[in-house]
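In what follows, a single structure is set out as structure tokens and then discussed.
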Amino acid sequence: RVELKSIHQGDEKEALGLVQWLTPVIPALWKAKAGGSPELAESDFASTFRLLTVFAYGTYADYLAEARNLPPLTEAQKNKLRHLSVVTLAAKVKCIPYAVLLESLALRNVRQLEDLVIEAVYADVLRGSLDQRNQRLEVDYSIGRDIQRQDLNAIARTLQEWCVGCEVVLSGIEEQVSRANQHKEQQLGLKQQIESEVANLKKTIKVTTAAAAAATSQDPEQHLTELREPAPGTNQRQPSKKASKGKGLRGSAKIWSKSN
């Protein structure tokens, strides 16, 4: 389970000692969760049961508030509970100011706080970065914790809000798809209209050409060729006088070279 996995991370000796310490109460705890032993909280293991509940759901501040009625913790166990407390804070806000952490974890200075956070990162309890300039912890990921029954309504409400948000986004996407399809249909209709007009113009030109050719008793294709080509005698290039002069000069040069 999440709380036991979180408690056991770190020093193996401390974790083993904690397991041995909690072993007598674990069977009773399972029985209590099954509904067969509601008097566990009032038994000889009441303080141990309450401490396990703090590790499962609570924070280091909760432990300090009931420290007189709970078994003492070693320094390693305190740090584990502090790690879980950071996880609880990270579930509410991803950028946690140093001031909030120092107060919640009962630490004396920033150096202790940063060492604790680095230890939690190496233990894979959370992932993030320390923003020393702005004095805050930026959390990218953190492990989950057990859920209490009184939290189920809030979780269901959050999931319902998420579902409503998804429906709104889906509706917006469908509306955009519909507009895109309408625009596509309009463009296709315009393309077909232009192609139809071009085809009609080609037919009109052919009919007009055929009628003109019939009036002159000519083949339509020949008539089109005549329309494209210029009339005889127009735009004909005249021989260049400069070219003839050039030829005359070259000829005289040859005669002169022979005479020499």
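Numbering starts at 1 and runs along the chain as displayed.
Just so it is clear, glycine is given a Cβ too, placed from its N, Cα and C backbone atoms.
Checked against TrEMBL, the range among 128-155, 184-211 recorded as coiled coil is 184-211. Across the domain 'PCI' (1-144), the prediction's mean pLDDT works out to 79.
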